[in-house]
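Listed in TrEMBL:
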ACT_SITE  GLU267  active site, charge relay system
ACT_SITE  ASP271  active site, charge relay system
ACT_SITE  SER471  active site, charge relay system
DOMAIN    195-559  domain 'Peptidase S53'
SIGNAL    1-20  signal peptide
Amino acid sequence: MDTLLTPSILLLLFSTFVWSGFLEYDQDVLIPDDWTRAGRVDPSEELELTFALKQQNVDVLEEKLRLVSDPDSAQYGKYLSLEEVSSLVRPSEVTHKAVRHWLHSHGITNCRSVCTRDFLQCTMTAEVAEMLLPGSRFQRYVRDGRTIVRSSAPYSVHDDIHQHLDFVGGLHRLPPKGQDQVRKDPGGGGGVHMGVTPAVLRQRYNLTKADVGTSQSNSQAVAQFLEQYYHPADLVEFMIMYGGSFQHRSQVDRVVGTQGGGRAGIEASLDIEYIMSTGANISTWVFTNPGRHESQEPFLQWMVLLSNMSDLPWVHTISYGDDEDSLSTAYMMRINTEFMKAGVRGISLLFASGDSGASCRHLGKENTFRPSFPASSPYVTTVGGTSFKNPFKVTYEVTDYISGGGFSNVFKMPDYQVGAVESYLKSVAATLPPRSYFNSSGRAYPDMAALSDNYWVVSNRVPVPWVSGTSASTPVVGGILSLINDRRLLKGLPALGFLNPRLYKLKGQALFDVTEGCHLGCLDEQVQGKGFCAVPSWDPVTGWGTPNYPALLAALQAE
Ligand SMILES: *[C@@H]1O[C@H](CO)[C@@H](O)[C@H](O)[C@H]1NC(C)=O
Ligand SMILES: *[C@@H]1O[C@H](CO)[C@@H](O)[C@H](O)[C@H]1NC(C)=O
Ligand SMILES: *[C@@H]1O[C@H](CO)[C@@H](O)[C@H](O)[C@H]1NC(C)=O
Ligand SMILES: *[C@@H]1O[C@H](CO)[C@@H](O)[C@H](O)[C@H]1NC(C)=O
């Protein structure tokens, strides 16, 4: 008996200990091979850390989001201001006092807060940070000439503070590597290469010359967290080359963040050039690498910024994601709450679904699919990718095999999609991958899709062909939603806000259903490289399909 009990008691003690000291006990702290360690950070060096304070009324916020996003609710479109969000979720006085006291007792006084008072950003030396957060060890890492500071070991916090914080940002989570966006010439160099341009997209999605923004109060944004920048001159050149057939803008109205020098990146040029081609003549902002410290997490910085800006564009598209299994649950839960905070304000957040299909995780001999976050959040709209059936013609669309999709292991399936996902699971039951590969009770994504293959992009003044990925389809959908917002705003209606509850009620009406092709999965005997396959109606490869603008406008411009 004793010998049987001892290990389990130890385990129990150990897990109690883990729960009380470490906020992010399940955070992956391994540094990927492509980063090189460049030594310990000098104790006197300054770091900036972000403290995510425990919020109040998160359940009320969630219910509020459900009501303002459900077209059948009397509260539909009755969005909250940032001030109102703040009075709902801001941390209690007890939490504030406890955290401030803890920081002060370590001599940390240089902190900035946000309007919602649920984040604190503080600067301190590495020496103080390591005392404040026992376990942490700050190192410098280098990749492609960029350096960052992260902790090589997990951090803990004092027991008195544990209940007042969700996590501390700036210790883990390295910026994911940008995708290699240029695919090889699929035609072997021979045939006429057409490729996707604004004219092709506008033709496919039925946008006429008159379908451009006209509302003064409309705006849209792309957020990017890459080590690369868009160049204003590339956008001008792109519009000269490809913008001839529709009224457009050739300038970004506002850049928030640090727009560094250096060469332009293809990915950085891509989102801006294409959101401004479907969301034509609409004021456009770019959020780029917010944060200046080597210790900051750019994506988190952007989230913090949203809680401190009362006037924001209505639509944001973001091509950013990480494996769910590499992130702590506490972090994902909190970021998900941040998405709710944006949603109740009427802001639409669109995330690329990823470029590795269902993706694959190798666990010993077992393989499973590998969901990606934030694509797997129930409170964002996730966009997958398609190709033309005939790559040289504007034909119907089929699955782009890279299109990210699958089922979350962290977030349970939200009510708005239960019907759609269950009928998918039922209709393809005989041909589904084995259940051990995915979690059929999780949030399923993507929600919709658009072309993601064979784009022309102007980068460093040169047109580049064969640019691909869901980072192309996401701004295309974003621009189209912005156009619909434009018409709604002109009619005095509220913006679309968090779209999914309304999108799923359309049951695919007003979208081009994608019914052919499968995306990538695990390269093993069981699934042989495949993930899921597109079928009629919703599927976890292309969602409900791609936008037919006039039909979607008609469906979404009613109150
Ligand atoms: C938020 O905005 C206020 C007022 O503009 C500013 O004082 C504060 O430093 C900002 N917070 C952060 C974290 O940047
Ligand atoms: C939109 O495009 C499709 C296919 O390109 C076409 O069949 C349809 O007639 C077009 N117009 C509308 C209003 O849906
Ligand atoms: C472009 O948008 C502006 C408002 O931002 C509007 O005044 C103008 O009429 C629009 N152009 C067209 C062709 O609709
Ligand atoms: C499956 O997803 C649910 C949430 O929907 C989660 O609670 C559960 O732990 C997941 N299972 C696995 C094996 O990850």
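The backbone N, Cα and C atoms fix where each Cβ goes, glycine too.
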How many other Cβ atoms are found within 10 Å of the Cβ atom of ASP271 (active site, charge relay system), counting all protein chains shown? 28
Which state, by DSSP, holds ASP271 (active site, charge relay system): helix, strand or coil? helix
Just to verify a number: CA distance, ASP271 (active site, charge relay system) to SER471 (active site, charge relay system), in angstrom, no decimals. 7
Other C-beta atoms that fall within 10 angstroms of the C-beta of SER471 (active site, charge relay system): 32
C-alpha spacing of SER471 (active site, charge relay system) relative to GLU267 (active site, charge relay system), in angstrom: 8
Specify the count of other C-beta atoms within 10 Å of the C-beta of GLU267 (active site, charge relay system). 22
Average model confidence [pLDDT] within the domain 'Peptidase S53' (195-559): 95
